[in-house]
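Feature annotations, courtesy of Swiss-Prot:
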type    : residues                               : note
BINDING : G52, H53, S54, G55, S56, G57, K58, T59 : ATP binding site
DOMAIN  : 17-254                                 : domain 'ABC transporter'
DOMAIN  : 313-377                                : domain 'Mop'
Amino acid sequence: MSGAVPFGAGAVRTGAITGDEAIRARFGLGWPGFRLDVDLALPGRGVIALFGHSGSGKTTLLRCLAGLERAADGYLAVRGELWQDEAQRLFVPTHRRPLGYVFQEASLFAHLTVRRNLEFGLKRVPAASRRIPLDQAIALLGIEPLLDRMSGRLSGGERQRVAIARALATSPRLLLMDEPLAALDVKRKQEILPYLERLHAELDIPVVYVSHAPEEVARLADHVVLLADGRALAAGPIGEVMARLDLPFAHDEDAFVVIDARVAAHDEAYALTRLEFAGLPLWITGLDMPLASRVRARVLARDVSLALTERHDSSILNVLPARVVSLDEADPGRTLVRLDVAGTALLARITRRSAAQLGIVPGRDVYAQVKGVALLR
């Protein structure tokens, strides 16, 4: 990219993520009543969710990544290219960064057809730099039937799909999405989510996705940054962050964890499908999916009970060997238990009486009885 600088040594904290494929970001800026102060090392692939309440700094951080805000204390390296280093007075402006930006409201030209909107997005990208063919972007978002329609006559979901395709057509090295589903009703959201999942599965570019909706984060994200008051409270793989007892996720009434698994077998006689994760089975209502398909499941903390022995005289199909990692007893009547199941985090919410009777303490081996499993993708 013209204006990009090869990545070299930098002062930014890298944490556990290293190498030229990582995203390394440090920003410090503010105004009366708010200050953003983050120092992050993020993966260079997959969907990275910026999650937090309104005013937590999600969009400000996204704008810093885009170069729309210039932090006086700023450093940004994206997959081997240095985009900002204020210590060197280096700042690559937005129009010279190979990124795509999708806003809450699709910013299309209403007087142009969908095809013309897409072609407009290609104008600033030299032919030699086009790594994502326009036809591929069109196919990924399923918009071929819309190409000759006027953009002003599209539904909200259709407009967002076109906006995402236009962003992809610029062959970005980083795709930024600022609550792209926020303006859509439930039906339109459900229509567009499968297309976002396809981007995740088929494109090798990092996507930074802003959302305050836990269900979107659970379905799409690989990595989560939890923001509050302009600071990062936590950052890490979604399965780890969602299960941390010191974070708000785990204390929600609908607290859950996500489990990435594969389809291992179908039991047609009982209309069930056996998923497998970490070598363990997880039964779910029958799926019409090929064997070896990758899926993501959700398990609510309230749907997990504990036993000291493996029970075979119960209607519960999913009984998993586990070890107690930690407890939270902030609720006067209930105990939240974090479990380790063959390296996968699981949460169980049980009564304090049950925890006392069973002797639930860190290090105790137990059996997690999972009463319900929902498929996210």
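Any Cβ shown, glycine's included, is placed from N, Cα and C.
Between the listed binding-site residues, namely S54, S56, T59, the fewest other CB atoms within 10 angstroms of a CB are found at S54. Listed binding-site residues: H53, K58. The one with the lowest count of other Cβ atoms within 10 Å of its Cβ is H53.
Residues within less than 8 Å, Cβ to Cβ, of G52 (ATP binding site) and separated from it by at least 6 positions along the same chain comprise K58, H212, L226, L227, A228. Surrounding the centroid of the Cβ atoms of G52, H53, S54, G55, S56, G57, K58, T59, where the record places ATP, the chain contributes additional residues within 8 Å, namely H212, L227, A228. In terms of DSSP helix, strand and coil, the domain 'Mop' (313-377) has 7 helix, 35 strand, 23 coil. Of all the binding-site residues given, namely G55, G57, the one with the smallest number of surrounding CB atoms inside 10 A is G55.
Mean pLDDT, taken over the domain 'Mop' (313-377), works out to 95 on the 0 to 100 scale.
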